[in-house]
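Asker: Just lifted these from TrEMBL, have a look:
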- 30-52: transmembrane segment (TRANSMEM)
- 64-82: transmembrane segment (TRANSMEM)
- 94-114: transmembrane segment (TRANSMEM)
- 120-150: transmembrane segment (TRANSMEM)
- 157-177: transmembrane segment (TRANSMEM)
- 189-210: transmembrane segment (TRANSMEM)
- 222-249: transmembrane segment (TRANSMEM)
- 269-287: transmembrane segment (TRANSMEM)
- 299-320: transmembrane segment (TRANSMEM)
- 326-345: transmembrane segment (TRANSMEM)
Amino acid sequence: MDVESSDPNHEINKDDGAATMSKGLRRALILLNCVFMALGNTGSPLLLRLYYRSGGKRQWLSSWLQTSGSPLILLPLLCFYIRRRQRRSSSVPLFFITPRLGLACAALGVLTGLDDFLYAYGLAFLPVSTSSLLISTQLAFTALFAFLLVRQRFTAYSINAVALLTVGAVMLGLHVSGDRPEGESRGKYFMGFALTLGAAALYGLVLPLVELMYTVARRRGLAVTYTLVLEMQLVMGMFATAFCTVGMIVNHDFQAIPREARNFELGEFKYYVVLVWNAIFWQFFFVGTVGTIFCVNTLLAGILIAVFLPVTEVLAVIFFHEKFSSEKAIALVLSLWGLASYSYGEYRQVKDNKKKANAAIAIEQPT
């Protein structure tokens with residue numbers, strides 16, 4: 001199985017998709033997407049916080065940066081298209097995405113744009129370490145919405161993980177006085193707290209919706225390949241960017257960019273460098289996430305987001321000298337404990353499913 005469909009019409013092809021990839025290709029794609037998620041998860045929040053710490057104040061611009069790099073996806077898509085042309089002499093489609101699937105991606109793109117704004121606005125009032133701990137609660141929201149949308153069962157392990165993540169978030173909410181960035185009021189801190197939790201909840205909804213979209217597409221006979229996944233992410237990124245562009249126009253952010261660049265503490269040139277790399281690192285995150293969902297499932301994507309939490313915490317302490325209080329340490333331990341519980345529960349469930357499948361095959365075989 002290739003990363004593309006070998007069917008010119010890209011229609012009914014039940015053997016296509018991640019399930020029938022060669023083991024080597026599948027592992028390579030999983031590794032690549034994990035690297036993308038590692039870069040995006042750790043680098044993007046640090047760069048976004050650097051923008052705020054150095055004098056940046058435009059929340060709509062910050063949210064716009066999270067998906068404005070989506071045209072970069074055109075580069076691998078162009079390479080895949082050229083490869084298709086070389087392999088087949090007959091006419092090949094430029095894109096595989098269908099109009100109906102494009103509309104679904106557009107709707108998810110608008111949700112992603114709203115999520116970007118909630119996250120960017122919340123990070124303006126919170127330390128990176130606190131924001132990262134709150135974002136880890138998306139694993140709990142992912143579990144809930146995966147149960148509702150893609151029938152992912154709750155287990156004792158997932159319930160334990162949800163409870164631990166919730167307790168960790170509550171602990172951070174009670175510890176306000178020693179955690180507020182310098183110059184931020186108590187009210188703005190709590191607003192950032194609520195907005196970041198809202199962003200975690202909304203992204204916890206988006207991830208299962210992406211997996212549901214893949215499932216529905218396969219049921220309707222569409223071959224879901226890695227090429228199609230990138231096309232879907234491109235459409236989602238374009239509509240998320242369009243949503244944030246409207247916010248920037250209303251808020252007059254485009255006119256404010258030159259003035260903000262001149263007053264940036266690190267210098268005008270570095271202002272634009274921070275913005276460009278911010279956009280690039282966010283694309284690493286989004287492409288890695290949808291790629292992981294395609295190759296494995298939503299739950300692994302949610303788990304990986306939580307896995308990189310301690311890395312972001314350490315980097316925030318090193319680069320920004322943020323306080324790492326005892327409350328944060330306990331919240332981090334609870335988050336990692338919840339992650340371990342959730343991961344072990346998934347491992348047990350996969351193992352039990354394999355046993356049941358093998359038992360069913362043994363019963364069906366003639367004696």
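Cβ atoms are placed via backbone N, Cα and C, with glycine included.
Where the annotation comes from TrEMBL, it is an automatic prediction and has not been curated.
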Asker: Mind checking which residues reach the transmembrane segment (94-114)? Cβ under 8 Å, same chain, six or more beyond either end.
Answerer: 5, 10, 63, 67, 81, 202, 205-206, 209-210, 213, 217, 222-223, 225, 227-228, 231-232, 235-244, 286
Asker: Of the stretches 30-52, 64-82, 222-249, which racks up the most C-beta pairs under 8 Å with the transmembrane segment (299-320)?
Answerer: 30-52
